[in-house]
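Novice: Take this structure, written in structure tokens, and hold onto it; I'll ask about it next.
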Amino acid sequence: MIIEPRMRGFICLTAHPKGCEQNVKNQIEYIKSKGAIAGAKKVLVIGASTGFGLASRITSAFGSNASTIGVFFEKPPVEGKTASPGWYNSAAFEKEAHKAGIYAKSINGDAFSNEIKRETLDLIKADLGQIDLVIYSLASPVRVNPTTGVTHRSVLKPIGQTYTNKTVDFHTGKVSEVSIAPADGDDIENTVAVMGGEDWAMWIDALKSENLLAEGATTVAYSYIGPSLTEAVYRKGTIGRAKDHLEATAFTITDSLKSIGGKAYVSVNKALVTQASSAIPVIPLYISLLYKIMKEEGVHEGCIEQIQRLFNDRLYNGSEVPTDDKGRIRIDDWEMRDDIQAKVAKLWLEADTETLPALGDLAGYRNDFLNLFGFEFAGVDYNAEADEVVAIESIK
Ligand code: NAD
Ligand code: NA
């Protein structure tokens with residue numbers, strides 16, 4: 001069928017298989033162009049199908065020739081209805097990896113569940129023996145705790161007082177004021193339960209207890225800090241509490257890995273357009289201004305450039321892993337540069353519906369958003385019939 005973007009609110013209901021394939025191929029080409037990385041050889045990526053997790057899988061496979069197992073939760077296609085983009089991304093990734101003679105298998109299901117953990121452990125046992133890098137890159141609005149059976153929903157709210165600021169509807173370009181009521185009830189606990197470190201620790205405990213982590217194994221989860229502009233709704237809001245918990249969990253995991261000389265890191269990454277971030281109020285306006293400035297300064301990066309730098313310059317640089325005073329890896333260093341933040345803060349005051357098209361990079365935001373779903377890629381004929389039913393080679 002002919003596949004076009006179909007929007008509903010902040011999501012796109014369709015995805016283009018050829019465009020997603022192009023996206024994956026472009027990322028692979030980028031990694032190959034940067035040369036080999038002396039990285040891990042057996043890698044488990046939890047949240048491997050889109051965003052930072054997909055970039056981590058591609059960087060491992062095509063930068064270090066690593067065998068990868070990818071876990072994700074995506075919607076398969078059915079006749080007449082497209083899959084979610086992560087399905088097509090993973091199909092394309094496996095196809096390219098297998099063509100290059102690189103091991104790649106995938107597991108589609110709820111990574112928070114005991115069943116999917118069991119399936120993953122069994123696959124590692126059968127095929128790889130032990131893992132030397134675990135990337136934890138889940139972004140989810142909901143988690144069922146497998147021990148208690150309780151369903152937790154995360155919310156994006158400030159804590160203590162209502163937060164009012166500008167935001168943009170990036171589809172229409174309309175800048176307006178948004179007010180977000182503060183967290184109440186169990187909002188904080190629930191958000192921490194979904195996006196904090198509990199499930200990360202459960203994964204590492206499960207892997208370690210079955211001796212599936214190699215000597216010196218490393219695990220990395222992704223966090224965000226951002227500027228004072230978004231602090232009340234992000235880092236000092238409910239999601240920030242979850243990130244605090246995730247960051248604290250790195251230390252408990254490192255303790256638990258002492259016997260094998262392993263280590264857990266949190267990497268603080270740059271603000272980027274992903275399915276997760278486009279749903280957060282205020283962030284799209286910030287990102288469109290940030291993109292404008294970072295592109296002008298020649299320091300703009302997407303997920304793949306970020307993760308290439310994380311692996312090459314931080315994790316596998318041949319020497320000590322550089323961290324901040326809280327033990328975190330910082331690849332948000334260019335976003336957080338004083339000169340860049342000062343310029344964004346100035347534009348923020350001036351941005352309204354009339355001025356934003358010139359002040360900000362709304363076009364870049366929209367392009368990146370459509371790219372998430374496989375649209376707007378050069379080299380893809382969007383007028384041609386595309387087969388929506390695409391298989392992931394390792395998933396039967
Ligand atoms: P994303 O939405 O692109 O990726 C989320 C991944 O998690 C997908 O592979 C999805 O299939 C998987 N997933 C979600 N629920 C699942 C479940 N129940 N079981 C199995 N897989 C599941 O998100 P992203 O932006 O790449 O975020 C990844 C991490 O990076 C998050 O921790 C996020 O907070 C962090 N981060 C994001 C940004 C940003 O600006 N996007 C910046 C810094 C850090
Ligand atoms: Na991800």
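Just so you know, glycine gets a Cβ as well, placed from its N, Cα and C.
All TrEMBL annotations are machine predictions without curation.
So TrEMBL lists the following for this protein:
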type	residues	note
ACT_SITE	TYR234	active site, proton donor
BINDING	47-52, 73-74, 110-111, 138-139, LYS243, 272-274	NAD(+) binding site
BINDING	TYR224	substrate binding site
DOMAIN	2-78	domain 'Trans-2-enoyl-CoA reductase-like NAD(P)H binding'
DOMAIN	323-385	domain 'Enoyl reductase FAD binding'
SITE	GLU74	site 'Plays an important role in discriminating NADH against NADPH'
Novice: Among GLY47, SER49, TYR224, VAL273, which binding-site residues lie by ligand 1, judged by Cβ under 6 Å to any atom?
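Specialist: Cβ under 6 Å from ligand 1: GLY47, SER49, TYR224.
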Novice: Whole-number Å only: compute the distance from the Cα of VAL273 (NAD(+) binding site) to the Cα of TYR224 (substrate binding site).
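Specialist: Roughly 13 Å, rounded to the nearest whole number.
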Novice: Around VAL273 (NAD(+) binding site), how many other CB atoms lie within 10 A of its CB?
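Specialist: Step by step: centre on the Cβ of VAL273 (NAD(+) binding site), count other Cβ atoms within 10 Å, giving 25.
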Novice: Give me the mean pLDDT over the domain 'Trans-2-enoyl-CoA reductase-like NAD(P)H binding' (2-78), rounded to a whole number.
Specialist: 97
Novice: With DSSP helix as H/G/I and strand as E/B, how many residues of the domain 'Enoyl reductase FAD binding' (323-385) fall in helix, strand and coil?
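Specialist: The breakdown for the domain 'Enoyl reductase FAD binding' (323-385) reads 28 helix, 2 strand, 33 coil.
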Novice: Reported as an integer number of Å, what is the Cα distance between GLY51 (NAD(+) binding site) and GLU74 (site 'Plays an important role in discriminating NADH against NADPH')?
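Specialist: If we compare the Cα positions of GLY51 (NAD(+) binding site) and GLU74 (site 'Plays an important role in discriminating NADH against NADPH'), the gap is 13 Å.
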Novice: Can you tell me the CA-to-CA distance separating LEU138 (NAD(+) binding site) and GLU74 (site 'Plays an important role in discriminating NADH against NADPH'), as a whole number of Å?
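Specialist: Between the Cα atoms of LEU138 (NAD(+) binding site) and GLU74 (site 'Plays an important role in discriminating NADH against NADPH'), the distance comes to 12 Å.
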Novice: Compared by Cα position, which of the recorded positions GLU74, TYR224, TYR234 is the closest one to LYS243 (NAD(+) binding site)?
Specialist: TYR224
Novice: For a three-state summary based on DSSP, what are the helix, strand and coil counts in the domain 'Trans-2-enoyl-CoA reductase-like NAD(P)H binding' (2-78)?
Specialist: 31 helix, 16 strand, 30 coil
